[in-house]
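Asker: One structure, pasted below without further comment.
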Amino acid sequence: MNLSLMKRTFQEIRKNHIAYLLALPAVIYTFIFGYLTLPYILISFQKFNYKLGIWKSPFIGLDNFEFFFMSDRAWQVTFNTIRLNFLFIVVGTAAALLLAILFNELKGRRFSRIMQSTILFPHFLSWVIVSYVLYSFFASNYGLLNQTLDWLGLPQENWYSEPRYWVSILVSVNVWKEVGISLVIYLAAIAGIDNSLYEAATIDGANRRQQIRYITLPLLMPTVTILSLLALGKIMYGSFDMIYAIIKDNGLLYPTVDVIDTYVFRSLRTIGNPAQAMAVGLYQSIVGFILVFGVNLIVRKVSPDNSLF
Amino acid sequence: MRTYKPFDVFNKTFISILALLCTLPLLLVLIVSITDERSIQSRGYSFFPDQWSFDAYRMLFSGSSPLLQSYIVSITVTVVGTLLAVMITSMAGYTLAARHVRYRNGLAMFFFVTMVFNTGLVPWYMISTKLGLQNNIWALIIPSLVFNPFNLFLARNYMKQIPESLIEAAKMDGANDAFIAFRIFFPLSLPVLATITLFYGIGYWNNWFNAIMLVDTPNLYPLQYLLFKLNSEISMIQQMQSTTASLSTSLLPTESIKMATAIVTIGPIVLFYPFLQRYFIKGLLIGSVKE
């Protein structure tokens with residue numbers, strides 16, 4: 001950095017010092033919780049010891065990574081994270097699209113608004129609350145489902161110990177909780193479609209179904225693509241809140257629903273090995289970053305306005 | 001379009017059923033919370049219990065139950081945290097939006113990088129504990145909650161639409177940036193400020209992650225975390241009972257008390273919902289438009 005640039009920087013900061021001061025709390029916060037976290041990446045290559053800290057703990061090369069990738073858990077949690085997120089995207093998008101089209105056909109605006117508010121409501125609940133909702137259905141002793149099965153004379157099921165059900169349960173409950181958001185966004189996109197297209201189509205004799213098929217759906221596709229791509233960029237990040245609130249430490253269900261984030265949490269808090277937790281976290285960050293970057297390249301091609309950077 | 005009558009009826013019915021599916025599960029939680037414990041033991045959770053009882057609520061609101069303490073923690077954390085967060089975010093939003101600030105884009109980059117590359121749980125935990133953010137109320141307010149770059153960009157994008165000439169005119173009259181931000185920009189940005197207030201407020205109210213990571217003294221449990229613990233630790237409920245003598249039955253309402261706590265936790269959200277959804281939808285729509 002040469003002298004005149006430093007001088008210019010200094011002058012600019014002096015001139016607008018109050019404006020920069022306004023940003024200072026956010027800058028300090030981001031510096032501490034963003035940039036100062038970077039040195040901690042080092043501990044994934046160490047046999048970490050709290051007393052010695054990140055600068056003095058002995059280095060052990062790639063042992064922490066080896067431990068993770070040599071275990072069958074690495075594949076399992078990665079697969080679970082990606083499978084769950086992928087299903088959330090696909091099923092969630094399909095459900096929201098269908099709903100948006102049905103809502104758009106509604107005649108009464110008041111009715112439509114009330115129904116939208118109702119479907120949006122679960123979004124505002126925490127996953128802990130949702131775990132109670134699920135519990136009231138699936139609890140083995142008093143749960144509504146087992147009571148109903150019993151009443152029908154069918155055998156009861158121990159839901160919380162059968163991993164094979166939980167992918168579908170989590171996908172359904174995720175749609176239940178989050179479909180309202182995509183619905184609102186899609187409805188806004190539909191509202192933005194030029195009305196003259198529909199008028200022209202009506203004059204040409206197109207019926208409602210044809211209008212949906214040839215106008216609404218194609219014009220919604222950019223929005224759908226963007227939202228799905230952005231979600232795809234985050235496919236390596238499982239929802240800790242969701243999984244841990246619902247599954248807790250129920251090891252029986254790990255085979256299908258344990259995700260990277262819960263695995264990292266346990267390595268850190270239950271097993272108490274921060275170095276291994278950091279190694280897995282780093283693997284997640286790097287793959288996650290590559291995905292976000294790649295997805296962004298695609299989005300920039302498809303629709304520059306919606307790209308992240 | 002009159003010809004599509006049957007479809008309209010079907011459509012309305014179908015959507016009503018879906019909306020019902022969104023509310024019925026919560027109704028079940030509500031009904032269980034006012035079901036008599038014996039009724040649960042004999043017939044399980046049911047929409048049509050044999051006998052009603054408000055014992056669970058009586059127990060929850062008795063003087064020494066942990067619920068009241070958790071309510072105080074949650075409200076404090078939500079109010080203080082949201083105020084701080086909105087201040088920090090909107091002030092920085094002004095700096096990034098003001099065109100006379102030369103390094104605004106460099107600053108924006110500085111914030112943006114942390115959004116894309118996230119080092120995850122371990123460094124976050126270690127820095128928080130190192131700063132003494134553990135087992136105190138600030139641990140529930142500061143780490144990962146008090147500032148969110150996404151909200152910052154939301155605020156900036158909105159404030160960018162405010163004409164620069166306002167700043168120039170104010171400067172001419174001798175106003176400084178702080179005055180312009182607080183007296184001119186913020187009042188003109190009320191819709192977006194309401195939206196980020198709401199995002200932060202919901203974030204704080206529903207947060208239990210900070211508690212599970214950084215707090216282990218029960219009198220600092222926020223509501224959500226108390227609720228989380230309640231389902232796995234019966235001992236917490238038994239402890240409640242030992243301090244409550246005024247129950248009509250000797251039977252401990254273990255099941256209904258869990259559901260009653262859940263209902264009490266949802267309460268404020270239901271109360272604020274008309275406001276919530278209005279600004280939430282606005283925010284979603286502002287947020288989906290970049291620059």
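Placed from the backbone N, Cα and C atoms, the Cβ positions cover glycine too.
Heads up, here are the entries from TrEMBL:
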{"type": "TRANSMEM", "residues": "A:20-43", "note": "transmembrane segment"}
{"type": "DOMAIN", "residues": "A:78-299", "note": "domain 'ABC transmembrane type-1'"}
{"type": "TRANSMEM", "residues": "A:82-103", "note": "transmembrane segment"}
{"type": "TRANSMEM", "residues": "A:124-145", "note": "transmembrane segment"}
{"type": "TRANSMEM", "residues": "A:165-193", "note": "transmembrane segment"}
{"type": "TRANSMEM", "residues": "A:214-232", "note": "transmembrane segment"}
{"type": "TRANSMEM", "residues": "A:277-299", "note": "transmembrane segment"}
Asker: When only pairs 6 or more apart in sequence are counted, do the transmembrane segment (A:165-193) and the transmembrane segment (A:82-103) reach 3 or more Cβ pairs under 8 Å?
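Answerer: When sequence-distant Cβ pairs are counted, the transmembrane segment (A:82-103) touches the transmembrane segment (A:165-193), since at least 3 lie under 8 Å.
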Asker: Hey, which bits of the same chain come close to the transmembrane segment (A:277-299), Cβ under 8 Å, at least six residues off its ends?
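Answerer: For the transmembrane segment (A:277-299), the far contacts come to 40-41, 43-44, 48, 64-65, 67-68, 74, 226, 229-230, 232-237, 260-261, 263-265, 267-268, 306-309.
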Asker: Mind checking which residues of the chain, 6+ beyond the ends of the transmembrane segment (A:214-232), have their Cβ under 8 Å from one of its Cβ atoms?
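Answerer: For the transmembrane segment (A:214-232), the nonlocal Cβ contacts are 85, 88-89, 93, 97, 100-101, 104, 182, 185-186, 189-190, 193, 197-198, 201, 206, 291, 295, 298-299, 302-303, 306, 308.
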